[in-house]
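Feature annotations, courtesy of TrEMBL:
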TRANSMEM  29-52  transmembrane segment
TRANSMEM  58-76  transmembrane segment
Amino acid sequence: MCTAHKSTISIPTDQLSPAMRRIFHATSFLGSLIKPLFIITAALLLVVALTPERVHEMLVLNILAFSAGYAILRSIRGLRRLMRRD
């Protein structure tokens, strides 16, 4: 049973069909990405506010590239965990 994430499903995930279990874990994983993306966005806005205007474009591009890489790595790790569970 998945206890790491809150869910509106009232039955244990062990009783779901394999396809529904995959969908449940995938949506739960996607929901866990929202908080890091909010934190990254807040950090980006803070950095932009504190730096000179001529540096903004370079900083924004670097932070966006880092954020994309981080999101890809998290999704790969999540998919690996999801495949190990089933």
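Any Cβ shown, glycine's included, is placed from N, Cα and C.
Within the chain carrying the transmembrane segment (58-76), a Cβ under 8 angstroms from the stretch's Cβ atoms is held by residues 29, 33, 36-37, 40, 43-44, 47-48, 51, all 6 or more beyond its ends. Only residues 6 or more beyond the boundaries of the transmembrane segment (29-52), in the same chain, are considered here, and those with a CB under 8 A from a CB of the stretch are 5, 59-60, 63-64, 67, 70-71, 74-75, 78-79, 82.
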